[in-house]
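Working notes for the structure below.
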Amino acid sequence: MADLKPYIAKAASGEPLSLGDAKAAFDIMMSGQATPSQIGGFLMALRVRGETVPEIAGAVASMRSRMIPVIAPDDAMDIVGTGGDQSGSYNVSSCTAFVVAGAGVPVAKHGNRALSSRSGAADALAALGINIEADADTIGRSISEAGLGFMFAPMHHSAMRHVGPSRVELGTRTIFNLLGPLSNPASVKRQLVGVFAPQWLEPLAHVLKELGSETAWVVYGDGLDEMTTAGTTQVAALENGQIRTFEITPEEVGLRRCSPAELKGGEAAENAKALLGVLEGKDSAYRDIVLLNSGAALVVAGKAENLKDGIAQAVQSIDSGAALAVLQKVIAVSNDKPA
């Protein structure tokens, strides 16, 4: 039986692991050969020392080798946050996904239940009536027929069951918060990824490049793992094989600045109700932050020339009812009913 202890010792001493060592360590954890104490110790050793790009890439390689894939169009994208930002904000990326799909871009959305917050993507979507435990074929059909499919991480990364209890008991972010956005079961090549801390902007952009992404924006919004309308958003953009960094404020793209308190969410049912309100056309700070993120996603998808153009398309997606129609179709298809 393989042993995680040498890798724990290495990480605890402050020594970085090579990509190969990281993959080996994650293979041990993902195959159920490590105890919860060992998993917790290893994850926290990495967290305290600071995870490296090779360690993240090795961990992703381990996860991808075990995942149940989903078939999606070549131009599909993912819109996802790492979680772990401790903000308790609304489910911005989930709402954004419906708006982007309503604008004509297929979305293969990867997400999980809350691990360090009150309501994760899966919690809110389940509260809306989406069957988050649909199988891979049904999700593929949802993407092709409704424009969006939701892939519940534990269904596609069943090996995660070995580390799930340790993550919940730790109650704080770990390397796994970084891995979710990098382990999309539909192997999308375009991503809008939010991170929980600015030091991860460029490293994750480099990891995405290494993993074959064509276009991606990695964003941090002043305390949020999304683009923000309550402050300045920092972006590391992977475009044409190059990575550039820049900042965006809401005012420069014609959106109102709000206070962080206006973006505070609640439990899953409350967040689901607020999400539905945005798709039904209600004006709010939540709508504005969704418009900003949707505009960026449409730029990443190649559907919009710039952020202002993307925001205009997002407004049209909501106000025409297209985004709401996507939600209704996803609910139907995920529950095996005609769209």
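Every residue gets a Cβ built from N, Cα and C, even glycine.
Taken verbatim from Swiss-Prot:
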type	residues	note
BINDING	Gly81, Asn112	anthranilate 1 binding site
BINDING	Gly81, 84-85, Ser89, 91-94, 109-117, Ala121	5-phospho-alpha-D-ribose 1-diphosphate binding site
BINDING	Ser93, Glu226	Mg(2+) 1 binding site
BINDING	Arg167	anthranilate 2 binding site
BINDING	Asp225, Glu226	Mg(2+) 2 binding site
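Between the alpha carbons (Cα) of Glu226 (Mg(2+) 1 binding site) and Gly81 (anthranilate 1 binding site) lies a span of roughly 6 Å. Here is what falls inside 10 Å of the CA of Gly81 (anthranilate 1 binding site) among the binding-site residues Ser89, Ser93, Arg113, Arg167, Asp225: Ser93, Asp225. Look at the Cβ of each of the binding-site residues His110, Arg113, Arg167 and count the other Cβ atoms within 10 Å; the largest number goes with His110.
Sequence-distant contacts (6 or more apart, same chain, Cβ under 8 Å) of Asp225 (Mg(2+) 2 binding site) comprise Gly81, Thr82, Gly83, Gly84, Asp85, Ser87, Gly194, Val195, Phe196.
Taking the Cβ of Ser89 (5-phospho-alpha-D-ribose 1-diphosphate binding site) as reference, residues of its chain lying under 8 Å away and at least six apart in sequence are, in sequence order, Leu224, Glu226, Leu263, Lys264, Gly265.
Cα of Asn112 (anthranilate 1 binding site) to Cα of Ser93 (5-phospho-alpha-D-ribose 1-diphosphate binding site): a span of 12 Å. When the Cα atoms are compared, Arg113 (5-phospho-alpha-D-ribose 1-diphosphate binding site) and Arg167 (anthranilate 2 binding site) turn out to be 12 Å apart.
Mapped onto three states, the DSSP output places the residue listed as 'anthranilate 2 binding site' in helix. Counting other CB atoms no more than 10 Å from each candidate's CB, the binding-site residues Ser93, Asn112 peak at Ser93.
Glu226 (Mg(2+) 1 binding site) has a Cβ environment of 30 other Cβ atoms inside 10 Å.
A separation of roughly 18 Å, to the nearest angstrom, links the Cα atoms of the residue listed as 'anthranilate 2 binding site' and His110 (5-phospho-alpha-D-ribose 1-diphosphate binding site). Reduced to three states, the DSSP call for Ser93 (5-phospho-alpha-D-ribose 1-diphosphate binding site) is helix.
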